[in-house]
Every structure is written in structure tokens, then in C-alpha cells.
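*Asks:* Here you go, one structure.
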Amino acid sequence: MRLLLILTFSVLTIRTLAETADVSWRKITNTRLPTNLYPLEYTLNLTTFLPGYAWEANERDLSFEGTVFIKLGVNETTNKVVLHSDSLEIYNAVVNDINSSNLTVTTWEAFPEDQFIILYLNREVNPNEQFEIIVNFSGKLRDDMKGFYITKSTRADGQEMLNAVTQFETTAARYMVPCFDEPEFKATWQVNLTYPTGSVALSNTIEDGTVTSGNFTTTHYKRTVKMSSYLLAIFIGDIQYKETTTDSGVRLRVYTDPATIDQVDNALNVSKIVVEGFENLFGIKYPMEKLDFVTAYDFEAGAMENWGLLVHKPNFLLGWGQEVAEVVIHELAHQWFGNFVTMKYWNQIWLNEGFASYMESIGYSFIKPNFDFDHFHLMQQSEAKELDKSIPLNEMTYTEDGSIDIITFYYPKGSSLIRMLEIIVGKENFINALSSYLLKHQYSNTEDKDLYDALKEFHQPLLCGPEEVDIEEFARCWTHQNGYPTVYVESTETGVILTQRKESPIEADFRKYEECGNRWDIPIWYQEAGSDNEYIQRKWFKKEDNELKLTVQEPVIINANSYGYYDVVYSNDLYESIAAQLKNNSETYSDNSKLRVLIDVNKYAILDKVPVHNAILIAESLLNDKSIFIRANAERALLKAKAKLEKQKKTIETDIQDIENRPTESPNVNMFSGCDSSETFLECYKRTFDTNLDACLTFEKDKSVDTTDRLAAWLKSDKSDESRQTILRLLSCGDIETFRMFVSDTSYNWTPFEKELIVGYFENYLFKKYGPKEKKGKKASKSRSYFDEKSMSARQLLSTQH
């Protein structure tokens, strides 16, 4: 997440403070809370003053006020209560002395720089003692998409309404309520919301009674399970929902604006299938009675996994786009990995985000049983390597205001490490270990060591000889060092010899972390030609060894199936033998093995670390592969090779001529020629293409008038939302002028939601052409203002259509 704007609406009211008070401990703990106390239960009563509904707005407009009861336990003797609180006005703080223990709050004090409020007690409290404090507070609804803030929705008649929503990850719960705002301080929450009559209020749990009294309504919600403060969630506003129920009885709802309520069916269907799938996979039921999704137009993150109330940007929840399913699955995975079991502190966030990213592939397989796991993880690795230039997985970064930041690379690199662990221990052992890990640490917090211990429990009996390495020792070098290794391969009389070194660059602003001396224990998966293309062997290249020798008879691909998070560079003669084998029979290797060779040789040729000729050899050998994705990547690799040669003014004329003279695919191929005239678009599309990516790559090449004519006919005859949105996505894969021609045609009667999709596709095009190269993660979003000027023509064009 990126913080764009910082606003402070009010400061803590500071009560009497003895000038001699001992605050030396603050220098040690800094912004971390002391651990002498811990929360057991919160009861939160909150009233929100949101204009536009039944009540008559007054000076309390766009504000909230509340009371929080916090039941506390004692670890160590202390005479103070330290809470997180920021931008709140504290009216009163007392001990709820129901046990007549003669315990009181003598005074309280704020430390704005540390975002603390300290309540001083009249005596010490001791281990095993419990007591309850009551704090009265108020605050302003923010407009920076942090804490409890303002967003909007649209009614069916086009009228805009103000809503209020929370976004607390990582450290923003303290903007709405005084609390122990760190992941390890888990407690239950019972929330009671008072809000303007006519609006809808949601929180983490199911409703437990509602009372309306004039202009305001109060809803009581059942107490949550134990959870971290950043997962607390509230939404108040003008929304509607559709509902279903899982086989295990969980109520599922998707809420959104009245204007877009007909776009929630995809998310609702996906969530039902995936919740049931995860429950069956791990043998652990989703622990609450309901699970809601809600859209928030103004939302800095792509989506947020608040337990029982998931908040999404509209484009990640509405409609039939593939990204909707991906993000819904990601957030549902968090209900187990992140909510049910949570990292102890933010330096272990990769456990949350890595697992949620890894589980996307498993969740998608519930929807589409033939889902290509290997291709998914190859793409995760590629994204991770693009971003792995700053800190290791176990380190944190901070925003400009000092808040802990969740940067994009935690997602794909964490997922790539988890994928390696899965392949090492085996899929069945891995899933069993995860179930054990979740059950052992349910409603608790973990570090990565807890994961490794669970994996050892199931992997240890499978050790076969001295080659194996300890899982925790293996993982440490991947989590405590930035970057990743490159394996160099040279031929010998009996096979190949491997060496390793770090080639991945680290940006100048970041130091190099060398926990293992820039060495790694590398699982070397390899695949020989002539064997079954699914037969992959493994040897360990230990970090203390200078080299590893493999005895092989046929051309071999290292990092077969791209199981490992490392690059591979071959000697010139090995590139020639691999290319010859690929040209003779590329089916002897798996698709991901072929892609791994192609991606790496192209990358290192561009970096001038292998001759460009090698990249051309490999790319040309794959031009006739059966996979459209491999063919498309080979075509692009050749174009990059030609550009590289021309830029360097190389005199390898034969290479350039080979590229220029090679046969190209017919520009007049009709991608729908195999479809019957009576078929609907979706019948034809789903029968013809295995994936949306295959369809997109085909449409890039298809210049035939027959194809565009047929798409035009389908747009006018097939009125289903899924058909029209899939056609729009397909059109966005082609040239921009064809796309512009379609979307400017008013006869297609584009709906308001479809117009938003169109603008989004224009922005994606402009982002690729003009924007920064770093990809954005599920919880990062590009600023719309970046594109306002460039995409204004699209908005103006669409706004004139009726």
C-alpha cells in the first residue's frame, strides 16, 4: 500500500502530567508496545455521523464518537496501561472496577510521536490479575483512505452517496479506536454500531439485533473470534447485496452500489466454490457464521482481507474479469493464512502474502480443474525477480510518515519460496503439514520457524541419504538475503558441471544482506532429453560447495519446470545442443522447462552476459511449439534480439537476416473459423481457448475482418454481461485503434459499468506505454490522477454516449 496524503484532524487531549514521570522505557520500545499487559476482549460502541440520510447534519457531520471497553490480562507487574492512539480526542479514561479492587486511573497522557496514550494507575497490577478499562473518544472521518474514512457509492438514478469504511492494515486501527495495534495482541471484539437510519452498517460478524430510534439505528454484532486489530472492519453507507450459502452453512454476501448490484454474480459464485474448497482441503471450517464482500470506490489497496468483511475496489469484485476471481481467491486464502493464523510482527508479512498468493493457484483449480499450476508459478517467479532488488523477505520498509509498508515483492517472492518448499517435500506432505500448522496455531501468531517445524514433521521420514539439507537452514538463505542466485552450466565429458553466484542487482538505496555469504542451498531440478517430459530429477547444490557435477547423457535443462527461484546460464555449446533438441522434438521437455531456458537466455543476452546469438538459437527452435504462449514468447525474444543487435551495430548479419527472413504467421487467420454460426460467443470462446491468455495472444495476431465482424455481431446479439465483458477484454488485447473503433460506436449501448471497464483498459494501455515498469501487487494501486490527462479523451468520449 502506498500512502498518498497525510491529514491530521485532531490531536490527543493531554491531561495532567507529572513532570517527573519516568518515560525512559520509551527509548527502548520506541513505537512497539510493552508486553506486560495484553487484551482479552474489546467491546466497542461507535456512533458515525454520516450526511445524506435521515438525520439532519450538524457540526458533528463526518465525525464519529465512541466508547471502548478493554478487558486486560497481566504478564508482568506494571502501574501503567499503554495503548496505541492517533488523531483521536480522548474525553475520559477509567477503570471499570466491577470487582471492587480499588484500582483507578489517576491521569493519562499522549505521546503523538509514538502514537501512544498512557493511562497511569493508582497501584501496580500483577500477573494473573485481570481488569477492564473504559475509554471515551471521538474523531473525524478521514479522506486519505486510511483508518476510518469517507468513500462514496452511486444509486441507480446516478445520485452519489457518502459512505464510511475502514482500512487498518498495517497500523491504522489506532486512528479509529484506542487499542493494542500490533498483530500479536489478538483479542475478541464485540461491536455495536449506531448510524443514520436509511444507511446499511456492516462489521466482521453477523448481526445480533437491530433497533431503530428516529434518525439513528443501532446494530449489535456477535463477538468475533480472537483476531488482530488490523482485521477489525466497519462499513456504513448506501449499498445492496446478493446472497448465497455454503454447504457448511456460512452465509455469503456481496455488497455494492445499487447501480452495480447486477455485477456481483461472478464474485458470489467464486467465493462459494473456493470457501468450500479450502474447507475440504485443510479439514478446517471457516470459523464464523458469515462472510461479506463490499466495494469501496476510494480504496488505496486492491482488496483487504478483514475477517468476515472483505473490502475491494470495484474492479476487483464486480463483473466477469479474470482478475476478479484471482483477487477474491487471494483474500479468501487470507481467512486461513493471515486471519486464522497470523504472523507475529510485520517483518514476517511474507508468510501472509506469500501464502495467499501461492493459494491463488489452488483456489483457481477448484473453479477450473485443468488450471495450469506450473505456468502460474512461472509468472510469479518472473514478477518476483523484477522486484527483488531491495530488501530480503524478512525485512520491513516504511512509508514517508513512518508507517510500516507492505511492498509488492513480498507476494510473488514469498509465493515462489513456498512453491519450492512444496516441491521439495511433496504435494501431499505439504498440504498435510499446512493443515497441522493451521490447527496447531489457530487464533494465534507464528514465525517462519513454526512453518518449517510443521514441514519437518512430515518431511523428516522421507530423508534419503546425506544429500538432503535441513528445511529451516535451506529457507533462511532465501528469506535473509536479497536477490537470488544464478547457476552457470558447462559441459564435461560425462555430463555437466554447475557453479553458482549472485548476479541479481540490488538498488543503490538498499544495502546488501549477506546472511549466507551470497550463497544458497539450491535444489537443482533437471530434465534430460529422451525421457518422459514429466520425469524430473533433483540434486542438492549446497552453499558450501564450489561446484556440482551431474552425469547426464542427453541435452539437459537445469531448473526443470522452473521449480526453483533461480536463473540458469549455459555455455555456448550447451545452448546449441538444447536448441537442436528443441527443434528436433520440443515435446521431450515440459512447457515450463522450455520457457525457463527461453526467459533466462533472453534476459542475459539483453544484459550482455551471453551472446545474443544464443537467444536467437533458442527462440527460433521454439517458433513451431504447440503452445501458443511459448510461440508468442519466442517471437518477442527474436524481436528483442534484433533490436539488441541493431543497437550495438553488431556485424552478425546472418542472425539479423535469419530473423527478418523467417516465415511469419498468416495475418488473415480467423480465430473463430472453427465456430458454428449458431454458437453463442461464450460457447465458441470456451471451446476454442484453454485460457484468456491464449485468446489474447491469438487476437494480437488476428487481423482478419471476419473476426472483428463476428465480434461486432456477438456484441449486438449476445446481451449477457459475461459475454460482453469478455469481448471487451479480448478487444483490449489488439491494437488500440481497433479497440477505439469499437468503444466509440454508440450502437453497442455500453452500460456505465462497461464504460468504467473501457476507461480502465485505456489506462492499462497508457500505463504500459508511459508508466513505471514496476508491477503493482494485489494491495497496491496506481494513482488514477497519473492517467487523468491522458485518459480524459476516453472519458469524454464515453460520457457523450447515451
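Each residue, glycine too, has its Cβ placed from N, Cα and C.
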*Asks:* Choose the correct range: of 183-214, 375-406, 631-662, 663-694, which one does TrEMBL annotate as coiled coil? Give that range.
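*Replies:* Per TrEMBL, the stretch marked coiled coil is 631-662.
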*Asks:* Cβ-Cβ under 8 Å from His334 (Zn(2+) binding site), same chain, 6 or more residues apart: which ones?
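*Replies:* Listed in sequence order, they are Glu305, Asn352, Ala356.
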*Asks:* Could you round the CA separation between His330 (Zn(2+) binding site) and Tyr411 (site 'Transition state stabilizer') to a whole angstrom and send it over?
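*Replies:* Pair distance, Cα basis, whole Å: 10 Å.
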*Asks:* Which whole number is the mean pLDDT over the coiled coil (631-662)?
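*Replies:* That stretch averages a pLDDT of 76.
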*Asks:* Between Glu331 (active site, proton acceptor) and Tyr411 (site 'Transition state stabilizer'), how many Å separate their Cα atoms?
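*Replies:* That comes out at 13 Å between the alpha carbons.
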*Asks:* How big is the gap, in Å, between the Cα of Tyr411 (site 'Transition state stabilizer') and that of Glu353 (Zn(2+) binding site), rounded to a whole number?
*Replies:* 5
